[in-house]
Amino acid sequence: MAPKKAVAAPEGGNKENAAVKGSSKVKVKRKSIKLVKTQSHPPTLSMVVEVLKKNTERKGTSVQAIRTRILSAHPTVDPLRLKFLLRTALNKGLEKGILIRPLNSSATGATGRFKLAKPVKTTKAGKENVASENVDPNAEQETQKKAPKKEKKAKTEKEPKGEKTKAVAKKAKEDSDEKPKVAKSKKDKEAKEVDKANKEAKEVDKANKEAKEVDKAPAKKPKAKTEAAKAEGGGKAKKEPPKAKAKDVKAQKDSTDEGAPVKAGKKGKKVTN
């Protein structure tokens with residue numbers, strides 16, 4: 001038998017088959033979700049600090065003791081990774097000042113013994129100093145320059161409002177000027193009165209002096225009389241004999257009185273001459 005001829009497929013059917021084949025070749029892209037492992041333990045440095053707080057020894061704690069205590073407290077930590085994590089944590093603690101080596105320790109790196117550093121008390125003054133150190137001096141200068149400008153603007157704006165105050169100030173100045181004038185006039189009057197009183201006192205003194213001089217002038221005349229009396233002294237000395245005569249007369253009277261009878265007064269009293 002002769003071979004059968006291939007039957008030509010319809011054109012529409014070929015297109016559908018081609019579309020099915022193309023769809024099978026398309027790859028479906030699935031989103032790859034990455035699973036993030038959440039750490040069930042705190043960071044290594046905080047774990048080291050916890051261990052050192054519990055074990056406060058003077059000589060400090062060794063690295064091996066720290067590692068064993070971390071594993072006992074946090075069993076989820078991978079012991080293989082903990083070696084490398086401890087080294088980095090200890091170095092960071094030394095750099096930040098959280099950890100300290102004991103005295104007389106010659107160890108270096110993440111070996112030897114470690115202790116916790118004493119917490120430094122930050123005072124208010126220290127905080128203020130830190131704040132002042134962080135501030136830029138240039139910024140302060142700019143703020144100081146800007147502040148006077150604002151003040152000048154405020155003054156210029158307030159000048160029209162201050163006209164009343166200026167008028168009041170002028171009146172006060174005028175009053176203050178008048179008061180000194182009044183005071184000066186009073187002082188001048190007092191000075192004039194004092195001068196008048198001084199002049200009057202001087203005039204009175206002059207009058208008193210003149211009166212004294214007048215009193216002294218006639219007093220000199222009696223001196224002349226005394227001189228005349230002295231000159232006449234010789235004449236009086238010559239007239240002494242009449243005085244003796246007067247004495248003789250008195251003696252005679254006394255003798256006559258003794259010889260005369262005594263007169264009797266009233267009531268038997270004797271009357272004496």
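Glycine is no exception: its Cβ is also placed from the backbone N, Cα and C atoms.
As annotated in Swiss-Prot, region 'Disordered' covers the listed stretch 1-24 rather than the other ranges in 1-24, 73-96. Across the region '3 X 10 AA tandem repeats' (189-217), mean pLDDT in this model comes to 79.
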